[in-house]
Amino acid sequence: MGLTSQLIPTLVCLLALTSTFVHGHNFNITIKEIIKMLNILTARNDSCMELTVKDVFTAPKNTSDKEIFCRAATVLRQIYTHNCSNRYLRGLYRNLSSMANKTCSMNEIKKSTLKDFLERLKVIMQKKYYRH
């Protein structure tokens, strides 16, 4: 009985550490996938890259990453209505949504091209990857 009561706290601590490691590992994999998709998308020169989208990256400095990812995912979801739905945009949307708030405000007035939007998102994700 004495040995079991000593093992329980140790096992709980190990379980907590393992789940933190797995979450961090999955997070890095998601960021790597996003960067890979962004590299592929920004190398393309099709008409979809010239679409005008909201510039969600002009948000105030104190905006959280989850809020920025939510806004970026919202922009990507809106692109689907322009017949630009390809597997990389869908995958990018799915991965960003998994890292984002469920809802967010979209008050941006400034606009940019989809290509510029994706380039800026790539820089943000690369910084996040190297920080993490």
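Any Cβ shown, glycine's included, is placed from N, Cα and C.
Per Swiss-Prot, the cysteine from C13, C48 that shares a disulfide bond with C84 is C48. Considering only the disulfide-bonded residues C70, C84, C104, the residue whose Cα is spatially closest to the Cα of N45 (N-linked glycosylation site) is C84. Counting only same-chain residues at least 6 apart in sequence, those with a Cβ under 8 Å from the Cβ of C84 (disulfide bond) are C48, L51, L114. Cα of N95 (N-linked glycosylation site) to Cα of C70 (disulfide bond): a distance of 11 Å.
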